[in-house]
Amino acid sequence: MISPALIFFSAFLCHVAIAGRRMWPINTLKCTPRVCPFAGILENGVVRYTTFEYPNTIGFACNPGYYLNGTSSSKCTEEGKWSPELPVCARITCPPPPIPKFAALKEYKTSVGNSSFYQDTVVFKCLPHFAMFGNDTVTCTAHGNWTQLPECREVKCPFPSRPDNGFVNYPAKPVLSYKDKAVFGCHETYKLDGPEEVECTKTGNWSALPSCKASCKLSVKKATVLYQGQRVKIQDQFKNGMMHGDKVHFYCKNKEKKCSYTEEAQCIDGTIEIPKCFKEHSSLAFWKTDASDVTPC
């Protein structure tokens, strides 16, 4: 018995015999497999196949952001039909995201109704005095849910201590919280080492705790030095002392080459070390040339 999946084709070619009678050739029939109709293009997806002949199977897959609504494969039947019916690719959506405690929506735009599409994002922000732990942006995933939500926690910082030889100002309230600021300053002749303004961070600590550093009294009475690229008289520029962190370059003599060079000195919290090569010029030794007036090496 011949399968109904095979189609008969007759090749009725009549041949003329020598005796004048007509005869049918022996090989006149051919069977070929049934062919199912073209599966078409799967919108937002792909169809994987080799042929559409019985009993082949075709497969389906959707592009990122879409899911198969229906079967993942279909078979060509003896009747020349696909079974099960061909699927469609439906768009993945996420419901409105839950809002974390002590948080609010910063950026949120739905794609259809109240739902969001795959890879749509939502941005959260924390209420005042609450710090965010985790990513502020969540994304609609291929599974139809949102990536991990952030957490908003209340953060408090201790009252900042007043630095020695300085002062600090901060908001007059019982508790200092996340993002609150404090401003530091120093008394005269002292310089702030660190930022003037600091902030309460999410760790419960201040971003910095600056201190006040003392100025330096110079043992040198008169000298020409380099300060910030300019030649200055040390007795004029630093008559009240050098501030912490200030740098100057003293002129020194190279006796062998009869030329001058410079050595750096820096004031560090009330202390400055004068270069050993420096010799303070005496007005009594008027015949001697000051190192600052000697040709550079």
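Glycine residues also receive a Cβ, built from the backbone N, Cα and C atoms like all the rest.
Per Swiss-Prot, the feature domain 'Sushi 1' maps to 20-32; the stated evidence is sequence analysis.
Helix, strand and coil residue tallies for the domain 'Sushi 3' (92-154), in that order: 0 helix, 31 strand, 32 coil [DSSP]. According to Swiss-Prot, the domain 'Sushi 3' annotation covers 92-154.
Residues within less than 8 Å, Cβ to Cβ, of N69 (N-linked glycosylation site) and separated from it by at least 6 positions along the same chain comprise P87, V88, C89, A90. Marked as N-linked glycosylation site by Swiss-Prot on the basis of sequence analysis: N69 (among others).
Long-range Cβ contacts of N114 (N-linked glycosylation site) within its own chain (separation 6+, distance under 8 Å): P95, P96. Swiss-Prot lists N114 (among others) with the feature N-linked glycosylation site.
Look at Swiss-Prot and you will find N135 (among others) tagged as N-linked glycosylation site, backed by sequence analysis. For N135 (N-linked glycosylation site), the count of additional Cβ atoms within 10 Å of its Cβ stands at 13 [all protein chains shown].
In sequence order, C94 are the residues of the chain that are 6 or more apart from N145 (N-linked glycosylation site) and have a CB within less than 8 Å of its CB. Here Swiss-Prot flags N145 (among others) as N-linked glycosylation site, drawing on sequence analysis.
Under the heading N-linked glycosylation site, Swiss-Prot lists N205 (among others), citing sequence analysis as support. Under the DSSP three-state reduction, N205 (N-linked glycosylation site) is assigned to coil, being neither helix nor strand.
Per-residue pLDDT, averaged across the region 'Sushi-like' (215-297), gives 88. The feature region 'Sushi-like' is assigned by Swiss-Prot to 215-297.
The feature signal peptide is assigned by Swiss-Prot to 1-19, with sequence analysis given as support.
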Cα distance (Å, whole number) from N205 (N-linked glycosylation site) to N135 (N-linked glycosylation site): 21
Secondary structure content of the region 'Sushi-like' (215-297), with strand meaning DSSP E or B: 7 helix, 29 strand, 47 coil
